[in-house]
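Report on the following structure.
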Amino acid sequence: MKYKDLRDFIAMLEQQGKLKRVAHPISPYLEMTEIADRVLRAEGPALLFENPIKPDGTRYGYPVLANLFGTPERVAMGMGADSVSKLREIGQTLAYLKEPEPPKGIKDAFSKLPLLKDIWSMAPNVVKNAPCQEIVWEGEDVDLYQLPIQHCWPEDVAPLVTWGLTVTRGPHKKRQNLGIYRQQLIGKNKLIMRWLSHRGGALDYQEFRKLNPDTPYPVAVVLGCDPATILGAVTPVPDTLSEYQFAGLLRGSRTELVKCIGNDLQVPARAEIVLEGVIHPNETALEGPYGDHTGYYNEQDYFPVFTVERITMRENPIYHSTYTGKPPDEPAVLGVALNEVFVPLLQKQFPEITDFYLPPEGCSYRMAVVSMKKQYAGHAKRVMMGCWSFLRQFMYTKFIIVVDDDVNVRDWKEVIWAVTTRMDPVRDTVLVENTPIDYLDFASPVSGLGGKMGLDATNKWPGETDREWGRVIKKDPAVTAKIDGIWEELGL
């Protein structure tokens, strides 16, 4: 099923009993987090809060959509897949696009033509009139306090925009970048843009500043659009492909865009709400603290201020929001689903990898478990280094455990068995110092710089040990088959 906009997706979820409308008055201050957290942990439906209320008890004018991607199945639906397992096919497509192989012959070349044709036919379609510009607030009418922006945790410093798709463009790029960066509300037309220095939006901004140090930098933030575009912004799309183009591929139809009223950036035409504005040179503000996906409040730091010059929206717009906290939360669920996309990407580069798993308890990306077909001494260490360096998404992964392909990486009992029986803590532990680390990781000795640990829990080969290696106990297949045949008679 393909969805042309967020409302289309909501309608399908509701039809299938996967969305619940909440008519009771609920406050964005803490209450929505409490409800959404309980529902997510119970693997419950998406939530549409129809009557969000302000601190004075009056009603906001717009409903709030929460827990949209609260199950891996809904993530798969949003990406146009029939099931979570089908996400591997999307990963295979991305792997091919990242490093296309020369055709092995005429037949192979023709077999690839439909995919390539589909991709390049998915260039966005720019329209002149769009639903997202049905209502326009400008000048003094711009008031972010009229939006039901969620205040997620008791010690959060202020309300926080959490699901905004930030649209930027570098000075030498035709391709626009989509990124999701949290934004602290500090005034009726002011948000703090918390993007880390390595992220696409920050890189675009830095390049612009070098060439135009005294010129305001145009930015747009999209709140609520079709699921393919939202999920395209968190998927490792090859640099040669725009997120809008990838969203069209997922959706099976071109992404409709419209030019912003106040700048040349293009935004999804059927988005619910769009914030247009600029970042003025050298205007920064102290951001945080906020509770984040680690389950802790993070430290404060200075980030650019986004001045909102214009708010455009659909008639009766829906505000899309989430919270982040100790796993499981929505980012952790997204990690579980997108894990299936990552596997083919890694296997393209390292065919010896048989499976890859990001445990949700590891805050989406901080720990990975990899299984492989080991072929030589030191092979596991090569795979560790490859995982850390191949995809930007794993640059901040602190721990990698490598096991043989007889171990199920998604079963902690098996992983712990391999670690405790196939590892020597000194010989098989790899420590790397002074590597890039998530700014939110307060455990690192220096902000943004810390260590990594690799655990080689594979069987050891000659050159790695001189000792006789243990043989795994296996049952006799004939006896197993015999007992299977009489099991019901035994009454056990």
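Even glycines carry a Cβ here, placed using N, Cα and C.
Copied from Swiss-Prot, the annotated features are:
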type	residues	note
BINDING	Asn177, Glu243	Mn(2+) binding site
BINDING	Ile180, Tyr181, Arg182, Arg194, Trp195, Leu196, Arg199, Gly200	prenylated FMN binding site
ACT_SITE	Asp292	active site, proton donor
Quiz item: Cα of Tyr181 (prenylated FMN binding site) to Cα of Glu243 (Mn(2+) binding site): how many Å, rounded?
Solution: 16
Quiz item: Other than Ile180, Tyr181, Arg182, Arg194, Trp195, Leu196, Arg199, Gly200, which residues of the chain come within 8 Å of the prenylated FMN site, judged by Cβ distance to the Cβ centroid of those residues?
Solution: Thr166, Gly179, Met193, Gly201, Ala202
Practice problem: Could you round the CA separation between Glu243 (Mn(2+) binding site) and Ile180 (prenylated FMN binding site) to a whole angstrom and send it over? | Solution: 12
Quiz item: Would you say which of the binding-site residues Arg182, Arg194, Arg199 has the most Cβ atoms within 10 Å of its own Cβ?
Solution: Arg194
Self-check item: CB within-chain contacts under 8 A for Asn177 (Mn(2+) binding site), separation at least 6
Solution: Val167, Thr168, Arg169, Gly170, Gly200, Gly201, Asp204, Glu243
Practice problem: Please state whether DSSP places Gly200 (prenylated FMN binding site) in a helix, a strand or coil. | Solution: helix
Quiz prompt | Reduced DSSP assignment, Ile180 (prenylated FMN binding site) | solution = strand
Exercise. Tally every other Cβ atom lying within 10 Å of the Cβ atom of Trp195 (prenylated FMN binding site).
Key: 21
Self-check item: Fewest other C-beta atoms within 10 angstroms, as judged across Ile180, Leu196, which are the binding-site residues
Solution: Leu196
Quiz item: Once the DSSP letters are reduced so that anything not helix or strand counts as coil, what is Trp195 (prenylated FMN binding site)?
Solution: coil
